[in-house]
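According to TrEMBL, the protein has these features:
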- Gly232, Val233, Ala234, Gly235, Ser236, Gly237, Lys238, Thr239: ATP binding site (BINDING)
- 211-603: domain 'UvrD-like helicase ATP-binding' (DOMAIN)
Amino acid sequence: MSRNSEWQEEQQRVNFIIEEVKKRELTLQEKLGTTKEEVVDIRKNFWEDVTVNFENADEAAETHASIKQQAELMSERERSHQHDLKQLKHLHKLKDSPYFGRIDFLENGESEIEKVYIGTSSFVDNDGVDFYVYDWRAPISNLYYDYGPGPGTYETPSGAISGEIEVKKQYIIRQGTIEHMFNTGITIGDEMLQEVLGGQSDTQMKNIVGTIQKEQNQIIRNDRGRLLIVQGVAGSGKTSAALQRVAYLLYRFRNTLSADQIVLFSPNPLFNSYVSTVLPELGEDNMQQTTFQSYLEYRLGDEWTLEDPFHQMEYILSSSNDELYEQQVETIKMKSSLYYMEQMDHYLSKLENEGLVFRDLIFQGETFVEKETIYEYFYEIDDSISIPNRLQMVSEMLLKKIRKLEIEEREKEWVDKEVELLDNEILLKVHQKVQNEMKKDSDHFYEYDREQQLLRALVVKRKCKKIKSAVSNLYFLDMLTVYKQLMQEILPANLYEQSIKKINEGLFPYEDATPYLYVKGKLEGFQVNAKIRHVFIDEAQDYSPFQFAFIKNMFPRAKMTVLGDKNQSIYAHSKESSFSALQSLYDDGEVEKYELTQSYRSTRQIINFAKKIILADIEPFNREGEKPLLWKAQTKKQMNENVIERVKHLRRSFGTVAIICKTAAESKSLYEAIYHHLDVRLMTKHSTGYESSILIIPSYLAKGVEFDAVVVYDASRSTYNKESERKLLYTICTRAMHSLDVFYVEEKSPLLSNVSKETFQERM
Ligand SMILES: Nc1ncnc2c1ncn2[C@@H]1O[C@H](COP(=O)(O)OP(=O)(O)OP(=O)(O)O)[C@@H](O)[C@H]1O
């Protein structure tokens, strides 16, 4: 068949499918209208359609059954309505681009080749027999991602199916028109990827279902194991694989798993919004998204104002002259190790027999129960009972005491005064209550006395509310002192003193938050989240072993997918061994590991430059661009002028140009220096999104995100000179898709000394 007539035939099929989709949309819209009316109708007539009669037990049971039946009918209609709405969303997407791939598959033992078209969701003919389009997550679609032409096998619930793939094709269809069509081999074609990756960056991440690579597909579809670890170089598609994996799991386990049972921990709010459109674009609901910081804040409640990790980061990146700097870094490292957790466990086990610290219980400004008494109560309880259970028992004991106190207090003088201060509304309510009582019981003693009795009880009850809730929430345990004592026991004296000083300054140090919550959980009982079935941790190299262990503990029923790049770890607590520490928390058979070495984001020239910074093994994708430019200036003023000119030039070709500074302080001062000359936007830790434009952004906030052009600001010896900043510099450079410029004053950073001259061009 000539290429032209083949193209025409394919376009005709696309037209046919789109017509069918439109028809289905109409039918569905009509159905949706009817279901909606039905639901409104059921709601309106709910009480008319049930027979309500509570005269005797039989009638009541019948009433109950009738209400239940009616409620079930309504929720069934509502479910069907939701299902149809989702279906409509899928159809809407198919109308624009019904599919992106095709394989012609001859199943062993069959004589007819099946043409399997693959798109973002399935579309079946009216009889429900023929698949016009298969969902990319359907078992048969796996052939498309895992094989080229030749033999292929896919798994189904009833066993493996093998056969021969005769043809493998890819399409780019936009607004119903085939724009590109290729025959392709095992890797999903270079042409297609060139087309996708060569485009301009987006302020929102795109789905990659049309071009998922074989090694990414393994990660997306793996449903074995409890822990899946992905170590992948910058731009290798870890985040993409994670998001498509969420979509896959929602499809594969659609009867038992919903989006709100999945949580993604992401590095910062900007990243959160950057990835938030991928799942809706695939017709799925978004999973829960949070940052570890927000999660800690939520867990700490109002008890503390938590230092944010970026505050810590600013200190680490800009205060190396501080005399306590080394000590501070050492403390952070110590508190993030599993060794610290073990030491804590050891200390906590000693508390079984002695050493917990309590607070006096105060009522009306006076000590009601002394802490020593609470201590005695606690340690008198059988020590075979766990600490959380013993604390509960003490709490109940104290509540009993408070109830007794309540009765005694009613007779006290202070109550008279408080009764007088009660507002009229309450007086009226109590009066009415007494009137009602008197109707039922004529024998009742005097109305006035009864009213007084109730009012006094009410006043005392109100006064005791606070102390009762404090006791129920175990505030009589002095957690902070326990935690301080524990640090004193475990840490060397100098680190201990510094830690105490930091806590006393008012902000709760970030490095203490997880250990503190761990101790609290161990003593008071963990409030675990058993609803969550999958936890995803992106940029996982930035989590400490302690934090991993904590997350595992908090989500006991969840499987974990952990994605990171050891070469991008930028926090003081990060360790190369973080992943192996995490692995050590699982049995060998529970862990699945993958490595991604091919980078898709940046041009070959950018990767060749960046990989020399860390001497890593990265395969660039075959996409060409300009060599990075290194701009030398004699003064800072000149560097700023160079940046302004270059950015103006870049902006003519690119949508988003990011000027990446080392710290937030530097970003701000650059912004102030250049905003009169350039239309720039300053990104801060509070930024949740951006439009295609010129941005100034601190290094650590650019994590996980990408830009058309990156300008590395001030890569001078004076700014980047510590070995610990090597990975940061690498991370910054790998944010660039098409163009990279590095600016410095006088002498470039020694961290660039391994980068060979052939990989860049110099400018003065
Ligand atoms: N199979 C693919 N098809 C098309 N684009 C892809 C594919 N894999 C990755 N990409 C693109 O490569 C870029 C990098 O992907 P992603 O952000 O997922 O990588 P990452 O490994 O999380 O990166 P980093 O660790 O550097 O933040 C994105 O633009 C993504 O769309």
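Cβ atoms are placed via backbone N, Cα and C, with glycine included.
Not measured: the values here are computed from a predicted model.
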**Message:** With the Cβ atom as the reference point and anything under 6 Å counting, tell me which of the binding-site residues (Gly232, Val233, Gly235) are near ligand 1.
**Reply:** Gly232, Gly235
**Mapped DSSP class for Ala234 (ATP binding site), helix or strand or coil** = coil
**Request:** Give the three-state DSSP assignment (helix, strand or coil) for Thr239 (ATP binding site).
**Result:** helix
**Item:** Residues close to ATP site centre defined by Gly232, Val233, Ala234, Gly235, Ser236, Gly237, Lys238, Thr239, Cβ within 8 Å
**Value:** Ser240, Asp565, Leu596, Ser599, Tyr600, Arg601
**Prompt:** Sorted by position, what residues of the same chain at least six away from Ser236 (ATP binding site) have a C-beta under 8 A from it?
**Reply:** Asp565, Leu596, Thr597, Gln598, Ser599, Tyr600
